[in-house]
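Reading through the structure tokens given below for one structure.
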Amino acid sequence: MTAALVDGKAFASGLRARIAEAVPAFVAAAGRAPGLAVVIVGDDPASHVYVRAKGRATREAGMESFEHRLPAHAPQADLLNLVEALNADPAVDGILVQLPLPRHMDEAAVIAAIDPDKDVDGFHVVNAGRLAVGAPGMVPCTPLGCLMLLKDRLGDLTGLDAVVIGRSNIVGKPMAQLLIAESCTVTVAHSRTRNLPDLVARADIVVAAVGRPEMIKGEWLKHGATVIDVGINRVPGEEEGKTRLVGDVDFASAAAVAGAITPVPGGVGPMTIAVLLRNTLVAAHARAGLAPPEGF
Ligand SMILES: Nc1nc2c(c(=O)[nH]1)N[C@@H](CN(C=O)c1ccc(C(=O)N[C@@H](CCC(=O)O)C(=O)O)cc1)CN2
């Protein structure tokens, strides 16, 4: 392996510590702690793990955590009523509805019901629009976390060629917007792109968020490229009945060519929750009429 390992776990832990240090100043100014409400519908085991981790991280940062659980068969109206109540609750600065939702629910309709100024996931169309035009707003946690890792590693990104593989509303599209705002030359590729290896070969930055285990090969990469792997795919392990996590990048071959690469696990994943806390702190300042917290 020649690539440097981009340690997202360590970066996220530093970010969370800085957020925790900033919370007392908010409490002193606003007379209350920032509040994050997380809503989970159904029994998906992985989602429950993430929601528990979010609650724990919120409390560790000195913020108020409000957790709401609805059964898998709950009607969509119950979820919309809960979101309405959270929109109106002055103790709640951020609202997050854990995805995926059960199949009978319309994710877009639920996201649209969240007050855009409390939308700490940054998924509301108002926030997508704000990001597209360069206006202040809530930015989706995973892509913002990727950008933080890239800037920490590379500094100024101006003029660099970036390929984003994946075009989801949650990662691919906002990632591309963030890189455009940093003056990168951005190509958005996806599972149907015909000449993907050729596009990847030109890129200084590769962000893989396509959801296909180990699809991006080291042989495709430009020597020294920075590779950010957003994929979290569970695949069969070496031992019978065991599984392991892999990214969208074939780590072993990529690490031999890249300049730097995020591992899976321990790369982008931990950044998602750290940036969620950052977004909650930012939302709390805005709702309290305070200037944005510095350094985030
Ligand atoms: N409303 C939202 N739903 C979902 C989001 C989101 O940002 N908002 N993202 C994902 C899940 N997610 C957070 O919710 C998340 C995924 C992964 C990790 C993480 O730290 N992963 C670890 C590995 C964990 C494991 O062992 O399974 C890592 O990569 O190191 C954190 C948060 C979908 N839903």
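Cβ from N, Cα, C; glycine included.
Listed in TrEMBL for this protein:
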type	residues	note
DOMAIN	6-121	domain 'Tetrahydrofolate dehydrogenase/cyclohydrolase catalytic'
DOMAIN	140-286	domain 'Tetrahydrofolate dehydrogenase/cyclohydrolase NAD(P)-binding'
BINDING	GLY166, ARG167, SER168, ILE232	NADP(+) binding site
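Structural mapping of features recorded in TrEMBL.
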{"residue": "GLY166", "record": "NADP(+) binding site", "Cβ contacts under 8 Å, 6 or more apart": "GLY172, ALA189, HIS190, VAL207, ALA208, ALA209, VAL210, GLY211, VAL230, ASP248"}
{"residue": "ARG167", "record": "NADP(+) binding site", "Cβ contacts under 8 Å, 6 or more apart": "LYS173, VAL188, HIS190"}
{"residue": "SER168", "record": "NADP(+) binding site", "Cβ contacts under 8 Å, 6 or more apart": "ALA209"}
{"residue": "ILE232", "record": "NADP(+) binding site", "Cβ contacts under 8 Å, 6 or more apart": "LEU245, GLY247, VAL264, PRO265, GLY269"}
Item to check | In sequence order, those binding-site residues of GLY166, ARG167, ILE232 whose CB lies under 6 Å from ligand 1 | outcome: ILE232
Next on the checklist: If you average per-residue pLDDT over the domain 'Tetrahydrofolate dehydrogenase/cyclohydrolase NAD(P)-binding' (140-286), what number do you get?
Outcome noted: 97
